[in-house]
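Peer 1: Following this message is one structure expressed as structure tokens.
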């Protein structure tokens, strides 16, 4: 009966027609690595930790199943410090980081979703290992005097190295290894509140032999092949902390454009200190020139000003630091204001009253600032009626005042304030102020036609306030109705002519704007204000902006366009068009949407329908694409072993897909299949006929033949209906000729445990095995010799009993159907490594199971007994006629020293090399090389029943 079922299944596979089943499934995901990690722990921990050396290439692959094909997204968090996804994401199956750095360690998440069920998420923590060069610093202390002549001198040598994992330190004096307790004058300890980051060597009461060369060795125990690093320090009676001197003044005042040189020299320190320059804020200017302790700034500017510090360090004591402040002369922002007599409630200036003219600039350095006053070009000196003062710098820095007491007609004229710096080199700032009978305070008005001001979104608009008076002050614009920024991002904008120009007006800019006078360049009086209303009209915002409607012929469709917002909201009109053809017009009443129905679709009804909703500002448009195009096919990527190993130079591929929303349009009558070799331009096309209706989730299969090994191909699939072509889907198919499994990956290459056995095979590496493992049995490393590499083994310790079995099942491997009139069946070389060491070794068997046969297992290979502490390799030729599965069976021997292991299982097309095959058919060798012979009648039967291609 099993053989009959097997024949039925095989006939189904051989047919080049169409077959189907529901295959839609939510996503599953797992993360595999490239195998370049120096360690991966996943056995006794709740999380997977992938360890890699800094500078190596990280490569993680997210393997997904599910249909339709899930979308993949890689994200990262910083580890335990943060659970928030970072903004950067990778939308790719493989996450590859070349030359990984320490800050890139953390938890990496792979998220897969296809709209079915919940998204599938898996994570792996990446731990980046590194070891920086160690640094030795020296500190010394001198105790109190004893008996007037003796001083105790103690030296501390501190060794620090940044590392992951924690570093282990060791000390040497010359060639002598220093250990705690080995020398009474030496003490080695870790400071409190540290966790291995540093190790201190304390030399108590220095002795002559303590003056020597000391070495600190930092080690992470060769993890990830990171070598130890060493640093040395020569301790002598001349060892001293650094001291320096700056050969410049403090502060240094210079003019813009000048070159300045700062010189720093060492005056002490052993070993010779190194000198570096830093700036109190920010980085050093890019244009500087450094030469040892000399720093030169060519063509200095105000941006280069600040405090510059020279730091000397020789790792003895504390670094020495000297600083100087560079001041670059500058004069800017000259402005004035007129203050009327404060003892009268009148903002005008009048004969017989006091008037004050104030002048202000920003000066660096402020102590060099001087002012000069002129009237009509002639110098002014302070007198009883003309009082010149300078405001307290703490109250109003950089300000001078000219008080005119008892203003007379002869005082009218032009007053000039000139600001200059004593050091020179900077252009003076000159400010003219006219005092006359026409000098009056400002007044603000808004032209009648300028408020409210109506404009359309996207236009350029000018808001205007008319200012009168002499002199005309600066006008400040701001929002009056809400605390929001102005178009330039500031809270206030300045205008010298009273006009505010706004480019590309948006609807958010509607509202009230305030214009007010500033005290600068005008009268120092209560600000004058005026308001301008801005109304921004914008066309209707509608939904949907675009909607695709797929529907078959003779079916009904209703399109609806809805208004979300508009200004003005009334009166709104609408137009429905198909292309340029006007279908319907109308006006909105109380409803917020308009509809257009199509009762029965035909060829002339397909096309783009536009609904325009219109107001004074413009139109909003809903677009509807009504089409009978079929949706794109959905390629099925979860086919196990889709490559068929046909003949020597060609292969076949089982292409599978489902149809997205097959009932949305007319019945699909065929598919147009296009195929081309990767890198080529020409497509080869053929049609695949479809009989009957396709069901949602139905799996369709078509076998691609005569593909050249090992080329990849691009496949394009287009559904066809009576409407015409639908959307196409393209995928790349690749030849994968050899199966290889080293059991490094999380799901052990889809191997599974047999439910009918007594116990299970176990995945293990030497680095992760139980410390209480049984000695004198089992491997000390994987087949490649790596302590971190994984293999599968049977644990024969108690409670296992003699004769109990553990069975490991391979995934199912597909092969190509064969024709009895063509070449003979393809051969496959099946190979693996096995380890059988221990005095109680039992038996290792390998069986072949063909598709459809659940009870018949054909013995391929067998071995028993102790083979020594080494890995052995086995090769077996197999000639399957249908899909097959391999079974590894380990049988427990008479005692606990009977662990059996396997590693590096491979299946390659073609026979094994003759030198790899056993010389005779013994128990320890191949017992099923010709297992295909008894199946020859089946081949004949199948070949008769199946059509030839």
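From the backbone N, Cα and C atoms, a Cβ is placed for every residue, glycine too.
In case it's useful when we look at the structure, here is the feature table from Swiss-Prot:
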type: SIGNAL; residues: 1-25; note: signal peptide
type: DISULFID; residues: 62-110; note: disulfide bond
type: DOMAIN; residues: 134-232; note: domain 'Ig-like 2'
type: DISULFID; residues: 159-216; note: disulfide bond
type: DOMAIN; residues: 242-328; note: domain 'Ig-like 3'
type: DISULFID; residues: 264-310; note: disulfide bond
type: DOMAIN; residues: 340-436; note: domain 'Ig-like 4'
type: DISULFID; residues: 359-417; note: disulfide bond
type: DISULFID; residues: 465-515; note: disulfide bond
type: DISULFID; residues: 561-611; note: disulfide bond
type: DOMAIN; residues: 638-738; note: domain 'Fibronectin type-III'
type: LIPID; residues: 924; note: GPI-anchor amidated aspartate
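Please situate the listed features within the shown structure.
Peer 2: The Cβ neighbour count for residue 62 (disulfide bond), using a 10 Å radius and every protein chain shown, is 25.
Looking only at the domain 'Ig-like 2' (134-232), the predicted model's pLDDT averages out at 83.
According to DSSP, residue 216 (disulfide bond) sits within a strand segment. Around the Cβ of residue 216 (disulfide bond), a 10 Å sphere holds 23 further Cβ atoms from the protein chains shown.
Classification of residue 310 (disulfide bond) by DSSP places it within a strand. Counting Cβ atoms from all protein chains shown, residue 310 (disulfide bond) has 25 others lying within 10 Å of its own Cβ.
With helix defined as DSSP H, G or I and strand as E or B, the domain 'Ig-like 4' (340-436) counts 6 helix, 47 strand, 44 coil.
There are 24 other Cβ atoms within 10 Å of the Cβ belonging to residue 359 (disulfide bond).
For residue 515 (disulfide bond), the number of other Cβ atoms no farther than 10 Å from its own Cβ, over all displayed protein chains, is 28.
Of all the Cβ atoms in the protein chains shown, 26 others lie within 10 Å of the Cβ of residue 611 (disulfide bond).
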Peer 1: Restricting to the chain of residue 561 (disulfide bond) and a gap of 6 or more, list residues whose Cβ falls under 8 Å of its Cβ, or answer none.
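Peer 2: For residue 561 (disulfide bond), the qualifying residues are 542, 543, 544, 574, 593, 594, 595, 611, 613, 622.
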Peer 1: Given a separation of at least six residues and a C-beta threshold under 8 Å, show me what packs close to residue 159 (disulfide bond) in the same chain.
Peer 2: 134, 135, 136, 169, 171, 198, 199, 200, 201, 216, 218, 231
Peer 1: Between the Cα atoms of residue 264 (disulfide bond) and residue 359 (disulfide bond), what distance do you get, rounded to the nearest Å?
Peer 2: 42
Peer 1: Which secondary structure state does DSSP assign to residue 159 (disulfide bond), in the simple three-class scheme?
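Peer 2: The residue in question, residue 159 (disulfide bond), is strand (DSSP, three-state).
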Peer 1: When the Cα of residue 515 (disulfide bond) is compared with the Cα of each of the disulfide-bonded residues 62, 110, 310, 359, 417, which one is closest?
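Peer 2: Comparing Cα positions, the closest of these disulfide-bonded residues turns out to be 359.
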Peer 1: Determine, using Cα-Cα distances only, which of these disulfide-bonded residues is closest to residue 417 (disulfide bond): 62, 110, 310, 465.
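Peer 2: That would be 465, the closest of 62, 110, 310, 465 to residue 417 (disulfide bond).
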Peer 1: Taking the Cβ of residue 465 (disulfide bond) as reference, which residues of that chain separated by at least 6 in sequence fall under 8 Å from it?
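Peer 2: Those within reach of residue 465 (disulfide bond), by Cβ under 8 Å and sequence separation of 6 or more, are 444, 445, 446, 475, 498, 499, 515, 530, 532.
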Peer 1: Cα distance, residue 310 (disulfide bond) to residue 359 (disulfide bond), nearest Å?
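Peer 2: Computed Cα spacing between residue 359 (disulfide bond) and residue 310 (disulfide bond) is 40 Å.
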Peer 1: Taking DSSP states H, G and I as helix and E and B as strand, how many residues of the domain 'Ig-like 3' (242-328) are helix, strand and coil?
Peer 2: 3 helix, 50 strand, 34 coil
